[in-house]
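Visitor: If you look up TrEMBL, you'll see SER114, SER115, ALA116, SER144, ASP162, SER252, GLY253, THR254 marked as phosphate binding site. The compositional bias 'Low complexity' feature in TrEMBL is assigned to 111-125. Sequence annotations record features per position, and here TrEMBL assigns domain 'PBP' to 104-399. The feature region 'Disordered' is assigned by TrEMBL to 92-125.
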Amino acid sequence: MARRHAVVHVPAVCPLAGRSPNGAQRSPSVHPVRTVASPAVPNFGHVSNSTCLGTDHRRLEVNTTSIRRLAAPAALLALGLSLTACGAANEQPAAGAEGGSDSSLSGTLNGAGSSAQEAAQGAWQAGFQQANPDVTVNYDPVGSGGGREQFIAGGTAFAGSDAYLSEEDGEVKGAQDRCNGEPAIEIPDYVSPIALIYNLDGVDELKLDPATVAGIFAGDITKWNDPAITATNPDADLPDAAINPVHRADDSGTTDNFTSYLSAADPDVWTYGEVGEWPIKSGEAANGTSGVVSAVQNGSNSIGYADASQAGDLGVAEVKVGDEYVGPSAEAAAKVLEISPRVEGRSDVSMAVDLDRNTTESGAYPIVLTSYLIACQTYDDQQTADLVKGYLTYVVSDEGQQAAADTAGSAPLSDSLQEEAQGIIDGISAKS
């Protein structure tokens with residue numbers, strides 16, 4: 001499948017100096033034009049069409065030579081000024097750079113949801129707004145549950161969520177009602193490992209098997225020198241100290257994914273199933289990804305779970321997968337997504353997956369979240385439809401996925417997933 005790259009539009013007509021002639025252009029297969037509406041026509045001011053239209057610099061030089069033999073000095077001076085304007089304009093930066101953009105998108109786009117996506121969303125906002133300077137994108141990292149609630153209530157145009165819409169909780173129907181009776185779009189945009197972060201003096205490496213992880217967060221394993229932990233860390237100087245497990249206080253897609261792993265790891269120990277809200281009163285609660293990271297940083301003998309991109313200088317545990325111990329990485333997370341099945345019974349605009357938490361695939365890391373963008377197929381007005389379509393196109397593009405990888409350490413979507421997501425995005429429209 002062909003890959004997308006940022007491209008520059010060179011208008012057939014040469015604009016004034018200081019005006020950028022650039023824009024975004026469709027490349028094959030993965031992501032289409034970011035500006036859904038037709039590009040704005042540049043303001044050509046006093047530059048004559050006879051000088052600039054349909055020509056490039058070399059053609060203009062040839063024409064200049066011919067004209068020089070025939071024209072009077074005054075005409076030559078006027079032509080020279082026009083050529084200078086054309087040349088200066090064509091030296092402007094690419095679309096989205098400081099020189100400007102010919103994007104016709106404008107307006108404000110509001111989204112909310114996953115705090116795990118926060119760093120990636122910041123990169124996407126910056127890249128999209130640079131290419132579309134008349135657009136403002138707002139994203140409130142209130143948590144996945146809050147993001148889904150706001151979207152279903154009609155408060156935002158899209159949601160970011162580390163869990164797909166729940167049929168049992170009525171979210172699938174609620175989103176369909178909000179989206180003019182059509183199933184909501186669910187496309188993956190962010191694939192990242194969830195790290196087991198810890199703060200334990202003198203312990204630089206920590207290896208845990210799935211049953212031990214479940215026991216720690218269920219409150220059954222309460223000391224760092226418990227035999228279950230020392231068995232997998234024989235060389236570590238583990239203290240005789242109480243474990244302080246830190247969990248999310250808010251309704252969280254990260255918690256949903258983490259408890260899914262705990263339930264698969266040892267359902268006899270973790271008996272609470274897969275939930276977005278922490279189900280037991282144990283350990284320390286903190287709001288958002290940043291809150292969990294801060295609590296672990298500031299609390300000795302602590303362990304918590306957070307998007308791996310936010311781990312910072314904290315210790316990060318390896319978990320047992322098959323016969324090996326694997327740490328969180330973008331590649332290990334992507335491997336799990338590739339081998340996981342789709343959720344049964346969803347619409348053809350849903351790419352929701354049931355992640356394989358029990359995989360023994362070499363190099364795979366099963367504590368992973370697949371984050372989604374949730375949107376409507378049809379919006380009430382053309383401007384919102386164009387903004388959502390343009391923004392989602394940028395997010396799943398090569399440029400968008402690389403921006404998230406560089407900023408947040410996420411795993412870029414595979415070519416096939418990008419192509420499938422873009423096909424769904426292409427169908428976004430306004431009510432007729």
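Keep in mind that glycine also has a Cβ here, set from the backbone N, Cα and C atoms.
Since this is a predicted model, take the numbers as computed values, not measurements.
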Visitor: Enumerate the residues of the same chain, SER114, SER115, ALA116, SER144, ASP162, SER252, GLY253, THR254 excluded, that satisfy the criterion Cβ within 8 A of the mean position of the Cβ atoms of the recorded phosphate site; list them in sequence order.
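Guide: Other same-chain residues with Cβ inside the cutoff are GLY113, GLN117, GLY143, GLY160, SER161, ALA163, THR255, ASP256, ASN257, THR289, ASP307, LEU369, SER371.
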Visitor: What does DSSP give as the helix, strand and coil breakdown of the compositional bias 'Low complexity' (111-125)?
Guide: 8 helix, 3 strand, 4 coil
Visitor: Applying a 10 Å Cβ distance cut-off over all chains shown, what neighbour count does SER252 (phosphate binding site) have?
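Guide: If we count other Cβ atoms within 10 Å of SER252 (phosphate binding site), we arrive at 31.
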Visitor: Far apart in sequence but close in space: which same-chain residues, 6 or more away, have a Cβ under 8 Å from ALA116 (phosphate binding site)?
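Guide: The answer is SER144, ASP162, TYR190, SER192, GLY253, THR254, THR289, ALA306, ASP307, GLN310, LEU369, SER371.
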Visitor: I'd like the number of other C-beta atoms within 10 A of the C-beta of GLY253 (phosphate binding site), please.
Guide: 28
Visitor: Cβ-Cβ under 8 Å from SER115 (phosphate binding site), same chain, 6 or more residues apart: which ones?
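Guide: Those within reach of SER115 (phosphate binding site), by Cβ under 8 Å and sequence separation of 6 or more, are PRO141, VAL142, GLY143, SER144, SER252, THR254, GLY288, THR289, SER290.
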Visitor: May I ask you to report the DSSP-based helix, strand or coil state of ASP162 (phosphate binding site)?
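Guide: Going by the DSSP assignment, ASP162 (phosphate binding site) belongs to neither helix nor strand, so it counts as coil.
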